[in-house]
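J.: Got a structure for you, written out below as structure tokens; questions coming shortly.
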Amino acid sequence: MERYEEEEYLACCGSTQFAKEMVKASPFASVHEAVSAARDIWFNKVDVNGWLEAFSAHPQIGHSPSPDHIAAAAQWSKGEQSTALATATTSTLQELSDWNARYRHKFGFIFLICASGRSTAEILADLKKRYPNRPIVEFEIAAQEQMKVTELRLAKLFSSKIKSTSKGNEHATVSVKKAEEDRVSIISGHLTTTSESSSGKASQISTRTRPPITTHVLDVSRGSPAAGVEVCLEIWKGTQPRPLFGEPDVGGWVFQGSSTTDADGRSGQLMNIVDVVNPGIYRISFNTGKYCPSGFFPCVSIVFEIKESQNREHFHVPLLFSPFSFTTYRGS
């Protein structure tokens, strides 16, 4: 069982809140157990300020870490950007710097991407592709990229700790080999996400740490998360294959779970944590009338379908709400 200090976890993810929660959750029997806990902490316990703190701990892509970086984090960052720097030219570095500045001006935080194994051209292409995103969409993507970086660094942390105690110990030598295999497994998982998705193979560390359907609510009129919004999740089980527009749906919707958003606007657990979600048509409803009695909408419902081919995916259905308008999108 491995136990690490707060600063070591801080080198893996620059959020103080994340590091403290990881210390509380430790010790861990393996890197995979640590990664599972890290995912749960990052997506379900760290707040918006913690996400921004972690983003700001990274150097800009193409730049060296500042002297005040934690030594391990600085070393890992250089390694993660090594392919990009090795494939860079003066012109591509300048273009990357220009686009980084545009991105930061638009979104308020640096462009974040898991850079391991990526060339400068690939990173620049992703930056340009993500730049048109709405801020809330890009915020979610950056958080996903941060989690990828954290997973890789946790693997490095476990590997280095075992190596430091392995001299003259045959059992520890086996542990080193296992840690290296775990590290390769995690790295390969990020480099082959597309191919695995198309072939339907699950990653070795793909066990969910949160329900397959989640949501959060942002009050755009206040520019802050909406706390205290009641949320309800249902699945269609009517006599028709799907609900029909304009037709009564009494008895067709079956309750799955309910919750109330916390101070960060996130709902609690709306359904069980399962690796494979039942395909079907779902409805998630928000009691916006209770949250804002003077608003135009007494409630807001969003209906969406999960197909058989999507039953291992995660569906995040955020609501951007104001008293007189709302919007949503499919998050990740």
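Keep in mind that glycine also has a Cβ here, set from the backbone N, Cα and C atoms.
Not my notes, these are from TrEMBL:
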type	residues	note
BINDING	H216, R266, Y329	substrate binding site
DOMAIN	9-155	domain 'Oxo-4-hydroxy-4-carboxy-5-ureidoimidazoline decarboxylase'
DOMAIN	213-331	domain 'Transthyretin/hydroxyisourate hydrolase'
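Distances, neighbours, how buried they are, the whole picture for these features please.
T.: Over all protein chains present, the Cβ of R266 (substrate binding site) has 21 other Cβ atoms lying within 10 Å.
Within the model, the domain 'Oxo-4-hydroxy-4-carboxy-5-ureidoimidazoline decarboxylase' (9-155) shows a mean pLDDT value of 85, rounded to a whole number.
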